[in-house]
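For reference, TrEMBL has these:
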DOMAIN    A:26-538  domain 'Cytochrome oxidase subunit I profile'
TRANSMEM  A:45-67  transmembrane segment
TRANSMEM  A:87-112  transmembrane segment
TRANSMEM  A:124-143  transmembrane segment
TRANSMEM  A:170-194  transmembrane segment
TRANSMEM  A:206-235  transmembrane segment
TRANSMEM  A:291-313  transmembrane segment
TRANSMEM  A:328-351  transmembrane segment
TRANSMEM  A:363-383  transmembrane segment
TRANSMEM  A:395-421  transmembrane segment
TRANSMEM  A:433-458  transmembrane segment
TRANSMEM  A:478-499  transmembrane segment
TRANSMEM  A:608-624  transmembrane segment
Amino acid sequence: MSAQPRDTGLDGAALDAALASVWSARPGLLGWFTTVDHKAIGRRYIATAFLFLALGGVLALLMRWQLAQPEGRLLGPDRFNQIFTMHGATMMFLFAVPVMEAVGVYLVPLMVGTRNIAFPRLNAFSYWVYLFGGALLWIAFLLDMGPDVGWFAYVPLSGPQYAPGKRADIWAQMITFTEIAALAVAVEIVVTVFKQRAPGMSLDRMPLFVWAMLVTSFVVILAMPAVVLASTALILDRLVGTQFFNPAAGGDVLLWQHLFWFFGHPEVYIIFIPAVGMVSTILSTFCRRPIFGYTAMVLALVSIGLLAFGLWVHHMFTTGLPRLGESFFTASSMAIAVPSGLQIFCWLATLWGARPRMAVPMLYVLAFLFTFVLGGMTGVMVASVPLDTQLHDSYFVVAHFHYVLIGGAVFPLLGAIHYWFPKLSGRMMSERLGRWAWGLVFGGFNLVFFPMHILGLWGMPRRVYTYQPELPWAGLNLFSSLSAALLALGFLLFFWNAWRSARKGEMAGPDPWGAPTLEWATASPPPPWNFSRIPVVESVSPLWDAPGELKVATGLRLDRRELVLTSVMAAEPEARDSSPQDSIWPFLAAIVTSVMLIWSIFSPWAVVWGSIPVVAALILWFWPRGTPEDES
Amino acid sequence: MRRMLLLALAVPLLQGCKRETRDLRPDPPVAAALDGVAILPIGIGGRPPEVYFALGKPYRTNAYQLSEGKRLYAWFGCPQCHGQGEGTARGPALLDGWWNYGPGLETIYLSVRDGRPGGMPAFRSRLTNDQLWQLAGYVQQLGAYSGGAAAPSRDDAPPTRPAENRAPARFAPLEP
């Protein structure tokens, strides 16, 4: 096999030309639909998720406008129901989970020093399915068919008797789309992390963000089946008259809540754990020292991932549980504060005595620390049954989970966007605009949501579309609504900053922050093959510990897309393997899958007839085409 | 060509709008106008009020209105005489396709509103105009030979018969 060209001994320019000829996407629109480059798909995923963030934010503003005064007239009860459902569903299923996975799709292969994500075509398929699922939900909403049953869709209110029409089915099927997309990405990330790490990057040299994405992916793989089961049973109840949730026929209403929260609580950690990884990464770079207690941090991540499955019942304290159950789930809910607290102290210890560089990403990390600790405190409060019984379904809970989700995930995410923007676009985001946006977002957020704690303590229930002037809530609601304008302005500035910086920002160079991890070892933005030569890693902070040139592996073929497989624990090189070429079939398969899923809202026969094109598309997707990548 | 394509796309979409809107409480003038049925002197057949068409015939095409009709059917004692549509010794069946006073929606509306000789009571003073239409729409779709685009599903109750949305899946003109 001497005919195969290898990269041994080639100089830089010749090597890059050879790599470009096998790794580059086709030019033009066709290339846009066929690319399997994890960076292109990751960017797309992130942009789409932020579009959904903006849409969900508009809905939040509409609700704040409606609630600004008693007896508001902007929205009627039916529209309000749709809007709070859409807000929750969009933010949880179309923004928070996908955006975290998207950042993982973009960064994990770069951070572990490989050339593409594992199963890159599945990755493309995942994006299209996610996009079509989001479009399904939003087009339905614009047609006045938006789900109106809450983002949790409790039966019996979402069941056949009380939710006529197709609104609840739209919700349940949108979940199916996001399940498919999320499971696909989770599998890719697990395989990428386990088998494609750069030689020498043993498990204890993996960046914390990669650890976080690994744990998250396992949580996705374990949590999603519960909601697959629940939403499928709901669709069957509604469409073909099964009786899963009908107590009169031996079904069980609470079964829904158990299945949903067995997914729904880990979902919170699916959103939060990547944020932990982002915070650790940013903190370490801007303090210019490795994170304090690396092993403790990893163990805390893993134990949060495990504990996440042991506390779903705390969402159901008011449904009437045995005392022992209440005590157990109170204890397990409080137990999660232990690994979370451990992480907080590790971060504080990293900050201790360091002189952190106060750039915008670091500011978001500080905002995160402050806000997330507050949200965690109220979390411990509502974990205790007597208090939860009082506060259940009140605005206190609304305040609590916005503190945890925005403070715990959105702030780190905004910091991460500022931090990795130079890698994504090759340009820096404006520091001045970034500081203004940070001030408005952080200040506006606290002004909007802090009063909601008090409103909840004063008895204001969640999900009400209006309230009477006699009730004492008008003042704080007006204050909260006015502050929402500040928060919205902050997000507008952020979007403007990203838009403008992508075009006119200062050029960044490969490593503008002086960061330690591998993604900064390549150009910004990285070429389609990520690394001209696969790096060899000898420490947890390779770019700090090996200044100058990284060691690299050579001997890879240049006539096909090739990367290095390594062993799971020690990352010893095991084999060279091919990485699939671009293909249109993931896109087409996503279209026929979407047709089947949407059709099945209306007729059970869609599952039979609709699966034929799906099978055909999959056969063509996997059909061997005699390319060098097909060789085993 | 492109315009035709857009139109072809827009029609089902607009259909979708009407199918799923939820008018929880009609405007008072609309509710009042809903009573204006023009009826033949024999008390059978006639013409629904203009406003019924202006609303887009919601009482047969809108899942929410139909399911409200189903709840009213249970709440206002209809099963006492008509059972689950199969009829009893006291009242005729609604499922068998034989309508004593004709199958028109406005006639069913009048039967419910004013009652009929032989024991059918009048519900004029017990239900609002739009509720009467909801009930009439549900009763008419109970006895329809073909499934509509919109139908209520099963209740959370012991199953006694297939749910309305399990009816024949063939689409037919809505007015029988």
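Note that Cβ sites are derived from N, Cα and C of the backbone, with glycine treated the same way.
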Which stretch from A:124-143, A:206-235, A:291-313, A:328-351, A:433-458 shares the most C-beta pairs under 8 Å with the transmembrane segment (A:395-421)?
A:433-458
Intrachain residues whose Cβ lies under 8 Å of the transmembrane segment (A:363-383), provided they are six or more past its termini:
275, 279, 282-283, 286, 314, 330, 333-334, 337, 340, 344, 347, 391, 396-397, 399-408, 411-412, 414-415, 418, 435, 438, 441-442, 445-446, 453
Recorded stretch, among A:87-112, A:124-143, A:170-194, A:206-235, A:478-499, maximising Cβ pairs under 8 Å relative to the transmembrane segment (A:291-313):
A:206-235
Name the range, of those listed as A:45-67, A:87-112, A:124-143, A:170-194, A:206-235, that has the largest tally of Cβ pairs under 8 Å with the transmembrane segment (A:478-499).
A:45-67
Summarise the model confidence on the domain 'Cytochrome oxidase subunit I profile' (A:26-538) as a single mean pLDDT, whole number.
94
